[in-house]
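Peer 1: Supplied in structure tokens, the structure appears directly below.
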């Protein structure tokens, strides 16, 4: 019996089969899955203390993404076999989830309350607070796992960069989860865009056909109605019983019918240089009233000034800029200018009739049905207004500019498609002879308001109307054009127009002329703040003086309680009327730069900064700028300058690139020169073509001598830029420091103190740009403070402190 028991104990155990082992594993996995699912369900529903605590423990790991995490884990527990069959599905979900953790944590640490906290400690503190209090209230981002991922990413790419990195993770995860790759997505997007474009085009064609059907139906109904009215009219006519004829003038009826059948001939408007048109301003009466309000008599702003809280004006207001009044000053008259000779452009009419036929035949040869409705003969170009037939695309006509120039044997053709405010297309063709528009002729026809001191007659439009603009509305003007295009003549015309209307105590000029020949004639007139600046190095300092004056004026306005120069001068007038102690009104200031490109080569940073500040703030202070350049490239007219000088005047340029730099569109490359311009004011979407006025050097000298005979120049020392030397620091082509940097000693002391030398250290410690830091390194090497560069090795410091 004992032996049998021993034999029974020593018998080997039966080995389980593979199927039995797999079954046991499946049972264990099922039990664990069910237990895990129950745990997750308790956590998701937050049932009792156990559920809240479990949920907070999961939040400690993945933060506020606990619900998506638990939901994904439940799917994995019961569908893991199916998920394993999908290539990349699990990896894609994990990578996308990590991206979401980074996004959630970046959002958490973008909150103001988390900006200065440590990433790990701040996250743990938020979660622990809820965990101990048995609650779920705080937003905890991506939990500790999110903090672990976010910290290095934020260190390398900042908080904003973390959003992009997280988005890339999510995008990569989506690509892994789906069978698509980047090429499939791009192909899908391209096909979708193509389908939308085709559908849009088909819908557009259907709408066009429907409109045409409605139009034809309306025409048919109109013809039927006209036929019925004609039958009714014939039925009511009186018939002579003897002759059987209708008692009506049949001859006139026949001639009327023939006139109806004959094609209407285009209207041709000849250019008359002495025709005085009432429409003499580029702006309507409302705009002129606004300009009058801003700069003229200041009547409309008196109510605004009186509505402000009255301030104590007994104390004298200190004004740095106090020009003298000129009580006996007389304004120049137009008689100073030589009368212009009448222009004979009679032969242009015959040429226009011929060109109308050529235009229609040329369009017909290209299969385009058009009709010339009107032709306006201007001083330099003739504008043909054509009406295309229904269904003709505008760009088909615009693309024929070169073909039209060939057919008309013209120098160039400019197409305005369409004309603003009209359902017509304008074709501008140069005249065989250009009629010069004199300054006197333009002044006599402009009817400019004498109270608007900065309203300037600019030129004549294609229809011969004199056009003017108010610099106070612009409020700054950019003038650009190649040599010989009429840019300097236009600037002289603007200056002369202001001198014709303003006394020295009303308007002051600061003129900058690096070429030294364009504006020097205005030296010693009483309107100048300082003599004409010809040194480019002084120009930047002079512009800075104007910036300082602008700031002083704003401080003065703030102290008085007014918003602009008009309100201040109104307050001064009211104070002077009621007090024996007189205050001096502030004059307007016009800054004129004749060649901006030369200034930008010498001191680009200082000049650009001053121009930008004046462009942004100077209008209310009564300061306006006119910037002229013959090289309209992007390195001269930067984007910031263009943004702050909204009004543009473009003369003939050499390329379409220059035209786009000035006007943001083509057109200036097709101008003829000699005063032919495109003017685009601040409140116009499209430029207006004008023929600028011509003012000779003799005319300028006469008006300058007339002014000099009445008053002497009274320069203001507050605007004097002082003397500058050739080695003056701070002036170089790129706006950095020139040779002999004033920070050399400070950089040397820094290197000797730290016994380290690198451009990045100097850039960081001295707050300078990289270019200036490298130049300081070169100067330190030349002075023997540091050794030469040795590849990637740090430089040796050769001196000690």
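Glycine too: its Cβ is placed from the backbone N, Cα and C atoms.
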Peer 1: Quick one: which of 31-53, 192-214 does Swiss-Prot have down as transmembrane segment?
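Peer 2: Going through 31-53, 192-214 one by one, Swiss-Prot flags 31-53 as transmembrane segment.
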Peer 1: Looking at 11-30, 131-150, I want to know which stretch Swiss-Prot calls transmembrane segment.
Peer 2: 131-150
Peer 1: Within 10 angstroms of the C-beta of residue 485 (ATP binding site), what count of other C-beta atoms is obtained when all protein chains are considered?
Peer 2: 25
Peer 1: By Cβ distance under 8 Å, which residues at least 6 away from the ends of the transmembrane segment (89-111) in the same chain are close to it?
Peer 2: 62-65, 68-69, 72, 76, 83, 117, 119, 122-123, 139-143, 145-147, 149-150, 153-154, 159, 162-163, 165-178
Peer 1: If you draw a 10 Å sphere around the Cβ of residue 484 (ATP binding site), how many other Cβ atoms fall inside it, taking every protein chain shown into account?
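Peer 2: Its Cβ shell of radius 10 Å holds 12 other Cβ atoms.
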Peer 1: How about long-range neighbours of the transmembrane segment (58-80): same chain, 6 or more residues beyond its ends, C-beta under 8 Å?
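Peer 2: Answer is 33, 36-37, 40, 43-44, 90, 93, 97, 100-101, 104-105, 108, 123-124, 127, 130-131, 136, 139-146.
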Peer 1: Can you tell me the three-state DSSP label for residue 486 (ATP binding site)?
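Peer 2: Where residue 486 (ATP binding site) sits, the three-state DSSP reduction gives coil.
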Peer 1: Near the ATP site, what residues other than 484, 485, 486, 487, 488, 489 in the same chain have a C-beta no further than 8 Å from the centroid of the listed C-beta atoms?
Peer 2: 481, 483, 490, 651, 673, 674, 675
Peer 1: Considering every residue in the topological domain 'Cytoplasmic' (178-801), what is the mean pLDDT value?
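Peer 2: Reported value for the topological domain 'Cytoplasmic' (178-801) is a mean pLDDT of 79.
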Peer 1: Once the chains shown are all counted, how many other Cβ atoms turn up within 10 Å of the Cβ of residue 489 (ATP binding site)?
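Peer 2: Its Cβ has 21 other Cβ atoms within 10 Å.
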Peer 1: How about long-range neighbours of the transmembrane segment (155-177): same chain, 6 or more residues beyond its ends, C-beta under 8 Å?
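Peer 2: Tertiary neighbours of the transmembrane segment (155-177) are 88-89, 91-103, 105-106, 109-110.
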